[in-house]
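Enquirer: Pasting a structure here, questions to come.
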Amino acid sequence: MATLKDQLIQNLLKEEHVPQNKITIVGVGAVGMACAISILMKDLADEVALVDVMEDKLKGEMMDLQHGSLFLRTPKIVSGKDYNVTANSRLVIITAGARQQEGESRLNLVQRNVNIFKFIIPNIVKYSPNCKLLVVSNPVDILTYVAWKISGFPKNRVIGSGCNLDSARFRYLMGERLGVHPLSCHGWILGEHGDSSVPVWSGVNVAGVSLKNLHPELGTDADKEQWKAVHKQVVDSAYEVIKLKGYTSWAIGLSVVDLAESIMKNLRRVHPISTMIKGLYGIKEDVFLSVPCILGQNGISDVVKVTLTHEEEAYLKKSADTLWGIQKELQF
């Protein structure tokens, strides 16, 4: 007896389903799900896989997204505790880890998250040996180093979300002061994602007009307009949001999909993201910090050599020393 499906549809071809543009998200907490919905809304993948250790939440999140399939253009949304669901991913986004508590510095989280990564990374490598790894979990610079060490991947394929969000926050706050959309406000925050990030005031501009040329005190203590406070707001903003709503999610999700789009579409846009910067700016250790990187289908193909002041370079070096001080104590 022919089934309804057989009566309706005549099959012409036996297909083997191998995804071409699969994205996996490890961790279905607030950040992971913000990444997931952002990716789905941008139509970046032909398959999205979700992985977590909390099976009920994982299944619930998957079903909730699947029920919206009519409104999406991603034909397959899967999930599982077993990493075999991640097979053949082009991009794996890692958001899993111990959550930052109110008032806790990102660096306090380290060893707890290293232990989690020791389980996650080998499983990803096993099922998607050619993927790009995008690390979002905090402290992101150190955990990108950890992912690089454990995976054995070349450094171009291990990327930290780094200062992409810090720079976005900076441009938003700058735009609010000037009454200009953030897309037209240009400024870069480099170095460590978080407390010791470095604003490059010399490069801040609108329509190619340097703000430092118009206002030489920009970013200094002598500045009567206190533009330095904009960077302080950037540093404090995550703590403030965590204090108010318990965690951050939407902005980091949007920031991550911005990076995912550059990778999946080979856009070769420049982003302030965390990469191995040994040999740059007098840094001699294996540390990952954010510098402007060209991002495309192979991950990070190039870095842009930014002209920094002596003071900015010293801050970057200090960040590197702080991170290395922690990294060399880590138990793998």
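The backbone N, Cα and C atoms fix where each Cβ goes, glycine too.
What Swiss-Prot lists as N-acetylalanine is Ala2, and the listing cites similarity to another entry. Look at Swiss-Prot and you will find Lys5, Lys14, Lys224, Lys232, Lys243, Lys318 (among others) tagged as N6-acetyllysine. The N6-succinyllysine feature in Swiss-Prot is assigned to Lys5, Lys118, Lys318; the stated evidence is similarity to another entry. Residues or ranges marked as NAD(+) binding site by Swiss-Prot: 29-57, Asn138. Taken from Swiss-Prot, the feature SUMO2 cross-link applies to Lys57. Residues or ranges marked as substrate binding site in Swiss-Prot (evidence: similarity to another entry): Arg106, Asn138, Arg169, Thr248. The active site, proton acceptor annotation in Swiss-Prot covers His193. Sequence annotations record features per position, and here Swiss-Prot assigns phosphothreonine to Thr309, Thr322.
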Enquirer: Can you name the residues of this chain that are 6 or more positions from Ala45 (NAD(+) binding site) yet have a C-beta less than 8 Å from its C-beta?
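Expert: In sequence order, Pro19, Asn21, Lys22, Ile23, Ile39, Thr74, Met264 meet the Cβ cut-off.
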Enquirer: Compare the Cα of Lys243 (N6-acetyllysine) against each of the binding-site residues Met33, Val53, Arg169 and report the nearest.
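Expert: Smallest Cα separation from Lys243 (N6-acetyllysine) among Met33, Val53, Arg169: Arg169.
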Enquirer: Whole-number answer please: how many Å between the C-alpha atoms of Thr322 (phosphothreonine) and Lys224 (N6-acetyllysine)?
Expert: 32
Enquirer: When neighbour density is defined as the number of other C-beta atoms within 10 angstroms of a residue's C-beta, which of the recorded positions His193, Lys243, Lys318 has the lowest density?
Expert: Lys243
Enquirer: Can you tell me the three-state DSSP label for His193 (active site, proton acceptor)?
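Expert: The residue in question, His193 (active site, proton acceptor), is coil (DSSP, three-state).
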Enquirer: Have a look at the binding-site residues Met41, Lys57, Asn138 and say which one has the shortest Cα distance to His193 (active site, proton acceptor).
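Expert: Given the candidates Met41, Lys57, Asn138, the nearest one is Asn138.
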Enquirer: Here's one to test understanding: among the recorded positions Ala2, Lys232, Thr248, Thr309, whose C-alpha is closest in space to the C-alpha of Ile37 (NAD(+) binding site)?
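Expert: Sorting the recorded positions by distance from Ile37 (NAD(+) binding site), the top entry is Thr248.
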Enquirer: Tell me the Cβ neighbour count for Arg169 (substrate binding site), meaning other Cβ atoms within 10 Å of its Cβ, over all protein chains shown.
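Expert: Counting Cβ neighbours of Arg169 (substrate binding site) within 10 Å gives 21.
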Enquirer: Whole-number answer please: how many Å between the C-alpha atoms of Lys57 (NAD(+) binding site) and Lys224 (N6-acetyllysine)?
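Expert: Between the Cα atoms of Lys57 (NAD(+) binding site) and Lys224 (N6-acetyllysine), the distance comes to 51 Å.
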Enquirer: If you draw a 10 Å sphere on the Cβ of Lys5 (N6-acetyllysine), how many other Cβ atoms land inside?
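Expert: Looking across every protein chain shown, the total is 8.
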Enquirer: What number of additional C-beta atoms lies within 10 angstroms of the C-beta atom of Ile37 (NAD(+) binding site)?
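Expert: Excluding its own Cβ, the number within 10 Å is 18.
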Enquirer: If you count Cβ atoms within 10 Å of the Cβ of Val53 (NAD(+) binding site), leaving out that atom itself, what do you get?
Expert: 14
